[in-house]
Amino acid sequence: MSAQCCAGQLACCCGSAGCSLCCDCCPRIRQSLSTRFMYALYFILVVVLCCIMMSTTVAHKMKEHIPFFEDMCKGIKAGDTCEKLVGYSAVYRVCFGMACFFFIFCLLTLKINNSKSCRAHIHNGFWFFKLLLLGAMCSGAFFIPDQDTFLNAWRYVGAVGGFLFIGIQLLLLVEFAHKWNKNWTAGTASNKLWYASLALVTLIMYSIATGGLVLMAVFYTQKDSCMENKILLGVNGGLCLLISLVAISPWVQNRQPHSGLLQSGVISCYVTYLTFSALSSKPAEVVLDEHGKNVTICVPDFGQDLYRDENLVTILGTSLLIGCILYSCLTSTTRSSSDALQGRYAAPELEIARCCFCFSPGGEDTEEQQPGKEGPRVIYDEKKGTVYIYSYFHFVFFLASLYVMMTVTNWFNHVRSAFHLLP
């Protein structure tokens, strides 16, 4: 790594310069993209920290392998075994700090139209100081007095914010599927194979949704019990069928010719994921069998211990959670997505069918693309106008912080933090 590149990265961490890829084999990166990537990286770090805090395994390993662990915990007043740094209440506090971080930047970046203002420089740079600020806010949340009142109030705020974020995800998925269907339909004028591609993808979407509902019916229900799970599966499955019929109804087709089964298929897959998340978060039911023994029902039985589905649920759920959140946060704030959500789409004749339709067919050259051979290579693409809405970007991450808090803690009351912890 050259000295010029090191100086550029130092300017990125401690100044207003944009982050770049230093390797010569790496392409230039746009400032608008690198900024969003850095905020997403901070977000992922906090999500991973929350998952660690919900892990009893990590707490036991730390106690076994860290010398003077109990003395250290008492020294920082975190309890005899640092119990204040793990569990539901710890996740609530860390997510409170992250939510405050993004909400402050939401207010700070209101009405920014280009990257020349001093507020835009703060948004696009000073990453080291922002990391310190994020860490300070997450740590400071542990010193909030009157824990019970704070956690009770914050739980309701988190529930409202989580539901709002789910709504944003649904709207974004509709826009995504509409763009997908519209782009591939445009290619049918020159190549009829695009019809086959649309049909294949639609079939895959409905197969995933149907297969998911069937598997959940097999593993999360039993013949004479689990009535709540059966009702949830029946209602959500019925709603997926309803939106599929509405999507191809004559009234919708007249108002929106590009509507079809692809959109409803994508939404059905997402509803299936939400149903899986709800069922996996629901506490297991324990009943007495005919021999008077406690039997756990309404959870997958893979033949090991009480919560034998936890590893599968946690890995799959966390992966889907991070993927959905990052896609929503990074794409819902672009101006093209905002226009599409308001019903303003590109003219059909301007559409060029592409497999990777999410990306523009070619980069937009700017005067900043200088053919330098080494050092930071950033394309400052927002001097004339921002690519995305800064304040809305931070607001979506604010809601995502609340959604993560509720999802990682299984939407439970913090008082029940000892009931069930992720492995």
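Any Cβ shown, glycine's included, is placed from N, Cα and C.
Judged by Swiss-Prot topology annotation, T149 lies on the same membrane side as V408. Feature annotation (Swiss-Prot): of 7-27, 259-279, the stretch labelled transmembrane segment is 259-279. Under the DSSP three-state reduction, N113 (N-linked glycosylation site) is assigned to coil, being neither helix nor strand. Put plainly, the glycosylation sites N113, N183 were compared by Cβ crowding within 10 Å, and the winner is N183. When Cβ distances are compared across the two stretches, the transmembrane segment (157-177) makes no contact with the transmembrane segment (37-57), since fewer than 3 pairs at least 6 residues apart fall below 8 angstroms. Away from its own ends, the topological domain 'Extracellular' (252-258) comes close to residues 178, 181-182, 185, 246 of its chain (Cβ-Cβ under 8 Å, at least six residues beyond either end).
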